[in-house]
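A.B. asks: I have a structure here, written as structure tokens, and I will follow up with some questions on it.
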């Protein structure tokens, strides 16, 4: 299959660490966005959870950055694991686009830690979230042409995805009792907008990178994207079930509604994890058709 790079143990590790970095970034950004969007409606304990997750994820993200540098150096050096600590190779990676992206991501994740502080510090954290999203536009497939369109669509796609991912744990906490129903309903209404942004930006990115529909079925990138779209479709199905069936059931105090909703949200989290692994694999071992 065209556009598929060789896969070895180091590549598998690179995919796993990249997926962990995606998860950390989305949780960090999403916790901040959730705290800003739902600050007046969410219960204090729900907001505290969102902020703590954001800060914890930001710290994990900083650690992942260091790991990715070593793995990248090992992969490009041809020296195997010895390249991970070779000063020359590490310097080479630092001067590559990954270095610039890591700088912005590191600064953004450090700024996100301000979410733990009260008042106007939330604006610092929001700026950090935007910086983290922007850092992903400096590496990978988004470096193609048209550069501005790819970068803009990717940032929108990431921020919309982050709000969804960052909301899962707080919503699960809110689903413990009927008192969380107003927040759950409000999230469902807001979700209609950011899911549309997520989908439209994703479609735009896919179109620009694939070039044409036939290319999807003849390349590793295309098949990877098809698998990812199938996973996202399942995720949207779970979200629809929550909005139209399980949240109303919680509102009317149906027996078992709270536990059913929390299980569904947990399944959403599992689906997100699978999507992130697929995304990491696509961006690590495949080449978009427009670049072949």
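For all residues, glycine too, the Cβ spot is worked out from N, Cα and C.
Got these off TrEMBL a minute ago, pasting:
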- 20-41: transmembrane segment (TRANSMEM)
- 53-71: transmembrane segment (TRANSMEM)
- 114-136: transmembrane segment (TRANSMEM)
- 148-169: transmembrane segment (TRANSMEM)
- 183-281: domain 'Copper resistance protein D' (DOMAIN)
- 190-209: transmembrane segment (TRANSMEM)
- 221-244: transmembrane segment (TRANSMEM)
- 265-286: transmembrane segment (TRANSMEM)
A.B. asks: Taking the transmembrane segment (114-136) as the reference, which of 20-41, 53-71, 148-169, 190-209, 221-244 gives the largest number of Cβ pairs under 8 angstroms?
C.D. replies: 20-41
A.B. asks: Looking only at the recorded stretches 20-41, 53-71, 190-209, which one has the largest tally of CB-CB distances under 8 Å to the transmembrane segment (148-169)?
C.D. replies: 20-41
A.B. asks: What stretch in 20-41, 53-71, 221-244 has the biggest tally of Cβ pairs under 8 Å against the transmembrane segment (190-209)?
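C.D. replies: Most contacts with the transmembrane segment (190-209): 221-244.
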A.B. asks: In terms of Cβ proximity under 8 Å, which residues at least six beyond the ends of the transmembrane segment (221-244) contact it?
C.D. replies: 1, 3, 184, 188, 191, 195, 202, 206, 209-210, 215, 261, 264-265, 267-268, 271-272, 274-275, 278-279, 281-282, 286-289
A.B. asks: So if I exclude everything within five residues of the ends of the transmembrane segment (53-71), which remaining residues of that chain have a CB under 8 angstroms from its CBs? That is, six or more out.
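C.D. replies: For the transmembrane segment (53-71), the nonlocal Cβ contacts are 10, 13-14, 17-18, 20-21, 23-32, 35, 84-85, 90, 93-94, 98, 102, 105-106, 109-110, 112-113, 115-116, 125, 128, 132, 166, 169-170.
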